[in-house]
Amino acid sequence: MAKDKIVLAYSGGLDTSVAIKWLQDTYNYDVIAVALDVGEGKDLDFVQKKALQVGALKSIVVDAKDAFAEEFVLPALKANAMYEGKYPLVSALSRYLISRVLVEIAEKEGAVAVAHGCTGKGNDQVRFDVSFTALNPDIKIVAPVREWGWTRDEEIEYAKKNNIPIPIDLDNPYSIDQNLWGRSCECGVLEDPWAAPPEGAYDLTKSIMDAPDEAEEIEITFVQGKPTALNGEELPLAELILKLNKIAGNHGVGRIDHVENRLVGIKSREVYETPAATTLILAHRELEFLTQPREVAQFKPIVEQKLAQVIYEGLWFSPIRNAVQAFIEETQKHVTGVVRVKLHKGHAIVVGRTSASSLYSHELATYNAGDQFDHKAALGFIKLWGLPTKVYAQVNEGVLHENKNTAIKILDEKDAIKQ
């Protein structure tokens, strides 16, 4: 009788390598290991072979860089999505693509279940489980690391007992996740929020001390909110992001040290490196300021915050994400132009922007000759704008005077105390 099959999100690390054998021993599954290339720079040929070596029935590698950039990173960029105003959702965004690919392969292979290597303490378990359920409500979900509850030493002992290769970097004190949108680093000394992150925690960015002394200016072209060219060179989005990671990272741009509120109810200290994300979000936002009407520019940040929360909290495959993203897309119709950014010693600074859809009028803004603003119209506008305030003051004159007298009395008492 054929065994049931399960599709495992496989990274090549210790946890998911042990999971292959554990799933076989515990559930008698045939394991199909799936690794996605989302721009993390891993040797996926090695990862693919390792899964088979450990005992997977089949090992599949998917080049998902373009899909990740176009379908997940781009909507987040158009929304300037930053969880709690700091984190560009590096890991969160990739989980939804991984979930979708796993379910697609599971359905194609006739698998009855999917599995991931998340612990019971993090956000990713929520993102995976909720996404799997949204994409296929009937599929079974197994989380080996969450289930087995082993210590690190017990896991290593299991690996040795079953001839599972132990990664050579196992003594690395950090837990790292990386894709083309950035890199996250936690654990080790970083668990102390008072301790400064050591340089060893960083990889994509130079320290300010080591960054070039001379600033570098770059130009980013956007078409309806999408970056399409870097310094005049048109590039696929994934390639543009990876190239910008190197350029901005060389100048130390994109280091984020953040104590964030996890979905599971705890606070965690994370160190992120997001050179391209930091630069692109900055440039995109500035182009929006140039091309969007005031009401849109002032309201959109509220929607941006909601989308960031939805992405962080595992709700990509939900009606709220669809609705919020539809609004964001509507705001991008005229966000087309070029932004010039100066990179220097950890800073990305917008120093120029231009657009055929610019709502900035030099003739209306200038204080020099050629000023076309109707200064005389200001008086009538001010009278109408301030009319509700004037009426309120007239109706509530006694209350206003009472508050005024109270304030004066308090000041007098303070002066008396000083004397």
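Backbone N, Cα and C atoms are what each Cβ position is placed from, and that goes for glycine too.
These come from Swiss-Prot:
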BINDING   ALA9, TYR10, SER11, GLY12, GLY13, LEU14, ASP15, THR16, SER17, GLY117  ATP binding site
BINDING   TYR87, ASN123, ARG127, SER175, SER184, GLU260, TYR272  L-citrulline binding site
BINDING   THR119, ASN123, ASP124  L-aspartate binding site
Integer Cα-Cα distance in angstrom, THR119 (L-aspartate binding site) to SER184 (L-citrulline binding site): 16
For SER17 (ATP binding site), the three-state class that DSSP assigns: helix
Candidate binding-site residues ALA9, GLY13, SER17, pick with smallest Cα gap to ASP124 (L-aspartate binding site): ALA9
Spatially closest candidate among TYR87, SER175, TYR272, the listed binding-site residues, to SER11 (ATP binding site) (Cα to Cα): SER175
Cβ neighbours within the same chain of SER184 (L-citrulline binding site) - under 8 Å, at least six residues apart: VAL90, SER91, ILE176, ASP177, GLN178, GLU270, VAL271, TYR272
Using Cα positions only, nearest of the binding-site residues to ARG127 (L-citrulline binding site) (ALA9, ASP15, SER17): ALA9
Count of other CB atoms lying within 10 Å of the CB belonging to ALA9 (ATP binding site): 22
Cα-to-Cα gap, ALA9 (ATP binding site) vs GLU260 (L-citrulline binding site), nearest whole Å: 26
Separation of alpha carbons, SER175 (L-citrulline binding site) and SER17 (ATP binding site) (Å): 16
Position of peak Cβ density within 10 Å, selected from the binding-site residues SER11, SER17, THR119, ASN123, SER175: SER17
GLY13 (ATP binding site) versus binding-site residues TYR87, ASN123, GLU260 - nearest by Cα: ASN123
TYR272 (L-citrulline binding site), number of other Cβ atoms within 10 Å: 28
Inter-residue C-alpha distance, ASP15 (ATP binding site) and SER175 (L-citrulline binding site) (nearest angstrom): 12
8 Å Cβ shell about THR119, ASN123, ASP124 centroid, L-aspartate site members excluded: CYS118, LYS121, GLY122, GLN125, VAL126, ARG127, VAL264
